[in-house]
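According to Swiss-Prot, the protein has these features:
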{"type": "BINDING", "residues": "30, 31, 32, 33, 34, 35, 36, 37", "note": "ATP binding site"}
């Protein structure tokens, strides 16, 4: 899939601006604070329902405005499938939102998020590796959400059961009142965990060659999954029963896939905690690119790939390796930088360049 039009209204520095990117490599340059990242934020907002830099109400809406609007038009399919044009719009006030997809109102943000797939690498992406388990769970679930049509229903089923069980625990409910929600949590949780495990195994097969291509010095060798309870010893139903009294005392559910995690392993490093910030960024980028490749294999088309501030996040050597990997794939890529990154200098003829300044985006002539 590739975006053919991105229209942004009242978002940070932009009053009204439109971008018509190419279907391949795109570079947006401009001074710090010019609004380059805001372009990717708008795209990310449509694909995830949130910005990668915080909540909508935390500064994303232009000062003095009541809401923001983002409109995206993109092509999907092609090849063996019939290409079609899709359109989505989102208006967000920070508290309330309205959305449309292909001319119809949508009742849930998930409908918009399921339609447009964007893989984003930005300065905070290192937390995928160096942070807590929540971003790693979201990473797994994003991949499943986009390649398994019924995954969102399963995830919501588990989340609802977890919410109800936790509410009863906080109320100090009697054990018999927990039985029904324990059964629901165990049934949906076992299925959710099996899906995550299969996905991570498949992703590992894609990740190792990607990491070897863009950062061979990392020596990334495997991904290890922790399901959130001692699954090799007991079922989730038994784990919930065994932990019931402790959970009642603490007021929350301590066992289950909401506590799951996964970790990368390396040939020459003891684990992710031994990584430098730069190594964590490279590992995160390798994971994201592997996820994009898996999406492409399963769906028959690539997601849009957004790389924010590439020049300051990766050195020239790694920029070149990443670009080489992306150039071999029919993916639309949007890159931001204050100036053309050294790793992209030799690929100027392949780039569609844009300059962002004073709240406007100007298309620049392609270098031949």
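Cβ atoms here come from the backbone N, Cα and C positions, even for glycine.
Remember, it's a predicted structure, so these values are computed and weren't measured experimentally.
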Starting from the Cβ centroid of 30, 31, 32, 33, 34, 35, 36, 37, which together make up the recorded ATP site, report each further residue of the same chain whose Cβ lies within 8 Å of that point, ordered by sequence.
38, 336, 338, 356
Out of these binding-site residues, 30, 33, 35, which one has the fewest other C-beta atoms within 10 Å of its own C-beta?
33
Give the sequence-ordered list of residues that share a chain with residue 37 (ATP binding site), lie 6 or more positions from it, and have CB atoms under 8 Å from its CB.
53, 122, 308, 309, 336
If I restrict to non-local contacts, at least six residues apart, and a C-beta distance under 8 angstroms, what lies near residue 34 (ATP binding site) in its own chain?
13, 356, 357, 358
